[in-house]
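Trainee: My structure is below; once you've seen it, I'll send some questions.
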Amino acid sequence: MIITIDGPSGTGKSTLAKALAQTLQFLYCNTGAMYRTLAYARLQPDWQEVPLEDFLASPPFSFSFSKDSPLQAFYGDHLLTSELSSQEVANFASLFSKEPLVRAYMQTLQKQYATVGNCVFEGRDMGSKVFPHAEVKIFLTAKPEIRAERRLKDLPQGSLSKEALMAELIARDQADQQRECDPLVIPQDATVIDSSDLTISQILEKILPLIPSHLT
């Protein structure tokens, strides 16, 4: 079974997806982290001038995904963690993900991972493009000021003001919604949830009734 959770940054997708996967004992795949991994690798000096086709054909990054562990991203042999949370990487990932070659490459990987077992996929086009026939589709929204507060917690203290981050989030939304390749949209048949004033437990209470009873 595939469950998709889509929505813009700061709506709580990652926290919800992890909690839902843990509750159901499903696998969890953070596709945003996959795009940020590509962006991080592409920003490294040795790879900035390499043609995109060659970069993807012999990538300096890799992913580990199995029934026993969540998605892990590597640059060479180095496990990427906090590097993927920087605003520079996030901003470049937004630009880089517009490339049709990049999206096709990533979607192929994501579909391969879906064969491993029951999975919760989190991203921006999971229910609309990658898994349009997913059994359960969720689309999260939240007020811009709430999203900015959440994202600030992931950034080094003092790196950005709430107002500046809110402006970046709104600009990112517009870019994601207006891009020609797989824009951010509410998937057909998705359940839309505003997470602004809800805890993760409250959101789970809304979602779990959508899951077949034998899986909950």
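Just so it is clear, glycine is given a Cβ too, placed from its N, Cα and C backbone atoms.
Swiss-Prot lists Gly7, Pro8, Ser9, Gly10, Thr11, Gly12, Lys13, Ser14, Thr15 with the feature ATP binding site, giving sequence analysis as the kind of evidence.
Walk me through where these features lie, including what they touch and how far apart they are.
Mentor: A sphere of 10 angstroms centred on the C-beta of Ser9 (ATP binding site) encloses 22 other C-beta atoms. For the recorded site, Ser9 (ATP binding site), the DSSP three-state label reads coil.
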Trainee: Show, in sequence order, which residues other than Gly7, Pro8, Ser9, Gly10, Thr11, Gly12, Lys13, Ser14, Thr15 on the same chain lie with their Cβ within 8 Å of the centre of the Cβ atoms of the ATP site.
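Mentor: Surrounding the site, in chain order, are Leu16, Leu140, Ala142, Arg147, Arg150, Ser195.
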